[in-house]
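Taken straight from TrEMBL:
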DOMAIN    18-90  domain 'Cation-transporting P-type ATPase N-terminal'
TRANSMEM  69-89  transmembrane segment
TRANSMEM  101-117  transmembrane segment
TRANSMEM  249-271  transmembrane segment
TRANSMEM  283-305  transmembrane segment
TRANSMEM  652-674  transmembrane segment
TRANSMEM  720-745  transmembrane segment
TRANSMEM  765-786  transmembrane segment
TRANSMEM  798-819  transmembrane segment
TRANSMEM  831-851  transmembrane segment
Amino acid sequence: MSQIQLRAEDLYDKEKVDLETIVVEDVFKLLQCSEDGLSAEEVQRRLELFGPNRLESEEQNAFLQFLSFMWNPLSWVMEGAALVAIVLSNGEHMPPDWEDFIGIITLLLINSAIGFYEERNAGNAVKALMDSLAPKAKVKRNGSWSEIESADLVPGDMISFKIGDIVPADCRLTEAINVSIDQAALTGESLPQGKKLGDQCFSGSTCKQGEAEGVVISTGPNTFFGRAASLVGQDDDTTGHLQKILAQIGSFCLVSIGIFVIAEIFCLYAGFRFQYRRGLNNILVLLIGGIPIAMPTVLSVTLAVGAQQLAKYKAIVTRITAIEELAAVTILCSDKTGTLTTNKLTIDRETVRTYGPFSSEDVILLASYASRTENQDAIDACVVGALGDTSRARAGIKLLDFKPFNPVDKRTEITYREESSGKLKRVTKGMTGIIIELCTRNKTDEIENRLEADVEEFAMRGLRALAVAFEELETTDHEGEGNGFELIGLLPIFDPPREDTKQTIDDAQALGVRVKMVTGDQLAIAKETGRRLGLGDHMYPAKVLKDGPEPGGKHGSLDEMILDADGFAGVFPEHKYEIVKRLQGLGHLVAMTGDGANDAPALSRANVGIAVEGATDAARGAADIVLTEPGLSTIVHAIRGSRVIFQRMRNYSIYACAVTIRIVVCFAILAFAFKFDFPPFMVLIIALLNDGTIMTLSVDRVLPSSTPDSWDLAEIFSYAIAYGIYLTASTIALVAICIKTDFFYRKFGVTFEGGATMATNHNDYILHSVVYLQVAIISQALIFVTRSHSFFFMERPSFALMGAFCIAQLISTIIAVYGDWGFTQIHGISGGWVGIVWVWDIVWFVPLDWIKFAMKATVIRKLRERHQAEVAKAAATAAGGVPITRTQSRAASVHESLYSNRVSFIRRAARKVGFGQKVSMKPEELQRFSSIQAQRAGATLARNPSRAAA
């Protein structure tokens, strides 16, 4: 992002102000408010006066968005072709080529209309989901606290925020308890700043520690961010990777076209002495047919629709290229609590230990007596929940006295009357060391040794131990002494794995993604969870990240240890950052989960930062994907979904490049070999029908890759060249047979114009129609080969794609049969020719799968081996100290930036919520700016007094 050093006066047009900080008491006077907050009527009045507390993002003009689909190098070539058709073709006593001009413009408009409609729909859906991420604020109004959307705050509101919250508006603190604020997004300072009573806090900064209350002094465009944004502006840095891919694929197509256009200029004009208009028509065929005009639209719409589909898995994408990078992730570092586990303590019934006459179920029931049934802490909720029917925790007894848990006694205790016998009894539960000291009846060396051994076993397995003791009272006084506590049981408590986690981890590993647990919990707990999940128990404490592996151990270096580890325990946020950094240095693409404000650096560093369900606003702001449902399965669904999206884009890219080669090489060779002049308008018809069909690829049914995906353009271009040359051969062979032999007349009785048995006229109108139909059918059918990993019939396409293909082929066949348009130089063909062309294309289509398999076994395998060698070399280099960072989202060149208008709806939606903003200002200037804000808000209120005040 751009950064600029600002001064307070810069934000208010250099107006001269009092440079002293206004005291908080004066702020209340200026803002006409009190610590009890504003009334509902006053809030409404101020909302109308100051506007909502958000930066109003500039809504893109719908018409300009529509036109943006025609603003990229590929479209420019088509637009240039339109100018050629209307301007340069006007010669030799012939009128301008109006038909081709109108056809090209129609193609551009239809392409833009489809893209506009799809992107608009997906954009609206993503925007609605983004809005659900809008930060909330705790506000005091009419003397009571409530939670509202931050957008509804007004100057004079009393707000409260705590650790992990993003400060919702510019405010002055009226209460501060050990508050530390991260202002890195404002000042660039990496260390949080301590705040005290009277200090200012600015919207967009993050509370790293403590709790605070404050009075809002400025909202929306009048906040520091609001004023600064207008001076700094915003960079479009969200589509850089897609820009790069589009630019390289576009360059491949443009270079291919350029080579053959130049060749035609020399050959047709210098060699064959073609007339000006005839040669121009041949060049138009290459320009119109070779340009994959729909490519930017198809890829961006696929991403847009994909972002919408990922939301069905409760994964909201806040950075569009995260979809591509998620498909390429090789290691997922997952938090334990709430992601791998339920974050709900549970008693492990199979491991309950008993020491007296009571059964394990009796021990659980008695422990539930010694638990709160209302206003419970996590332990009480766990014990009572183990009963199944929580009403049993008080059934059949009358509560006489209850002592809740406190940090000193470290136990709870209940005295009750058993209704069935009328006896008074007492139960206590708590820490084992405390409980055993209370036990006098069965406290023997044997019992103590058994208890110690059981507690150690629990600790080794990561289970928390909760001791339970029982005594009877021989008096009727519930405060009297009992007959002595007896240790009756030991309850093992743990946070159980989610039901779907083990299967989800297996699914992730089947996708080639290794899952590592990164938890702040104890090492024993991490190992036990890993064993239960089948994740492995090669866990290490976080201190190894500083100390390194033990000398003489199996790991020669820290990097080797991190790569081998199944997880890390006792992890702090800075450890997460180090783990991600080192794994990236080894050549891996890493996804990292997080939920707290301190996780933001690691989430930003990871290739894909994932904010889990319930994450703080700060973590959401730093993440690339925000989950709205708990559990690891959501992440794995998102990985699988991203690979589906990636496969759609890859399938289309191969198809688009192959069709470019196929059209350009085919018609150039036909012109060179046979002086064959294919009508440009018919290429337009082919392109138009192709675009309509190919748009359905954005919802095609494809199989995700079983290994991490990444763009390998050499592989895409290799496939494209192989397919393109093969399809070229299919057309040249057909034309050669028609021109050189009377084979089709002798076998099927079909003729050319004037009843000719051979196409002695190389530009026979019937031959044009035959070639049109042959090219239209097999070129579109190629998509079924590029979209499948195995034989084309093994992977069923979507109904949308199949339906669009059938409709397009029906239209192509009807045009070939009934088209008799003089300006297009075609003539309707007989049913015999239609049958010949369809059979010809089917015969040539079948070997396409074998070409795919042959390419995989030879060229593609070599390319992948070379790629793996390069990755290994890069990892070795990185291990030597050169860091590998995430894909940078900045356009690398002017050429790439020309594709930047695609998928910008994600950027606009994220910006509206408040993600990704960064400016810079000196701390002392911030203090002065705070005074100016309070004065400005106060002056506005003074000019607009409320009726109550009047």
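Including glycine, each Cβ sits where the backbone N, Cα and C put it.
Any TrEMBL annotation is an automated prediction that lacks curation.
Counting residues 6+ beyond its ends, the transmembrane segment (283-305) has Cβ neighbours under 8 Å at 69, 72, 74-75, 77-78, 80-81, 84-85, 97, 100, 104, 107-108, 111-112, 114-115, 118-119, 122-123, 126, 242, 245-246, 249-250, 253-254, 256-257, 260-261, 264-265, 320, 323, 645, 648-649, 652-653, 656-657, 659-660, 663-664, 667-668, 678-680, 683-684, 686-687, 690-691, 694-695, 697-699, 899, 902-903, 905 in the same chain. As a quick check, the transmembrane segment (765-786) and the transmembrane segment (652-674) clear the bar of 3 or more Cβ pairs under 8 A, pairs 6 or more apart, so the two touch. Across the residues of the domain 'Cation-transporting P-type ATPase N-terminal' (18-90), the predicted structure has a mean pLDDT of 79. Panel annotation: around the transmembrane segment (720-745), residues 252, 654, 656-662, 665-666, 669-670, 673-674, 676, 751-752, 757-760, 762, 767, 770-771, 774-775, 778-779, 782, 785-786, 833, 836, 840-841, 844, 847-848, 851, 855, 859 of the same chain, lying at least six beyond its termini, place a Cβ under 8 Å from a Cβ of the stretch. Residue counts for the domain 'Cation-transporting P-type ATPase N-terminal' (18-90) under DSSP, split into helix (H, G, I), strand (E, B) and coil, are 41 helix, 1 strand, 31 coil.
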